[in-house]
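Taken from Swiss-Prot, the feature active site, proton donor/acceptor covers 348. Per Swiss-Prot, substrate binding site is recorded for 192, 214, 215, 216, 300, 301, 302. According to Swiss-Prot, the disulfide bond annotation covers 164-313, 178-373. Taken from Swiss-Prot, the feature N-linked glycosylation site covers 56, 241. Per Swiss-Prot, transmembrane segment is recorded for 17-37, and the stated evidence type is sequence analysis.
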């Protein structure tokens, strides 16, 4: 007859007790962490209901530093970045004249938008062999006919405009009510023929001074303007007398279709000017942002326009620039304010670009709008 060993039962009971104590301790620590986090979150949440704080106040300097201490996007979780950005919204943004001036001086040395944003008769004389931005495309010879398409000189000069709005097409603009604030800017840049009339005007405004056109739009939607041209002309008319800007010298594929836009508007006796990005400017801008950590096969049109605006305008405001599937509050949004068509993967580095803008906002160089607007 076998007898159970009482000490074995005691050991088993002791092990279970230790396990129970460990589980309870772990649960208690987790609960305390949640309570402490909740207090911090609640504190930050209620800060949004106070009067806006001055951008250079002690609290705002702390919040700005929380953004600036993140050197690269991979350092923090997306949710943590959003939380830091939301907290900063209690601060009334103000331009830091010293930071902005320093940044603009570096752009002047590297890129020089007032002289090289567009091809002009001054910077691209007749008989020039103009190198494409994509160097493998070779050179384009500027003959007398093409030379006549160029303006005599750049139509804009350094810090010509007091306040500029660069309007991206992000879904963050939907239900923002930012239309009036965008319209109140002295100069407005837009990207790639976005819809601005009807249901969109309240959120995105309608004032447009420069609108870019990606030649792929003309190729895919308007059959290279080889046949019917009026549908494309009608689209451009929505922007009234806005200048039309194209990357004719990015590569060979873009050149002829970009020239056709100029020919078409001349045929219709339109007052809309047509300009072409200078490939030297595009190359310089790409190298500049690469040196600051924006690595992409090609930087976005939005980033190019922001770069130009920083030289041409005293104060730059960004609307519709957001590259995440959720807004800062964690709600899912569409990719564009007018559709949910995603870009080709791996072509642009949009999250990196937006992260760079958030850091520039925190430094007082430009302002990024990601919430609702209460203007005018």
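Heads up, the Cβ atoms here are built off N, Cα and C, so glycines get one too.
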List the same-chain residues at least 6 positions away in sequence whose Cβ sits under 8 Å from the Cβ of residue 214 (substrate binding site), in sequence order, or say none.
192, 247, 301
Between all pairs in 192, 214, 215, 216, 300, 301, 302 (listed as substrate binders), what's the biggest Cα distance, rounded to the nearest Å?
16
Indicate whether residue 373 (disulfide bond) is helix, strand or coil by DSSP.
coil
Using the alpha carbons only, what distance in Å do you get between residue 56 (N-linked glycosylation site) and residue 300 (substrate binding site) once rounded?
32
Could you find out if DSSP has residue 241 (N-linked glycosylation site) as helix, strand or coil?
coil
Inside 10 Å of the Cβ of residue 313 (disulfide bond), count up the other Cβ atoms and send me the figure.
25
Rounded Cα separation (Å) that holds between residue 302 (substrate binding site) and residue 241 (N-linked glycosylation site):
21
Which residues in the same chain, at least 6 apart in sequence, have a Cβ under 8 Å from the Cβ of residue 216 (substrate binding site)?
none
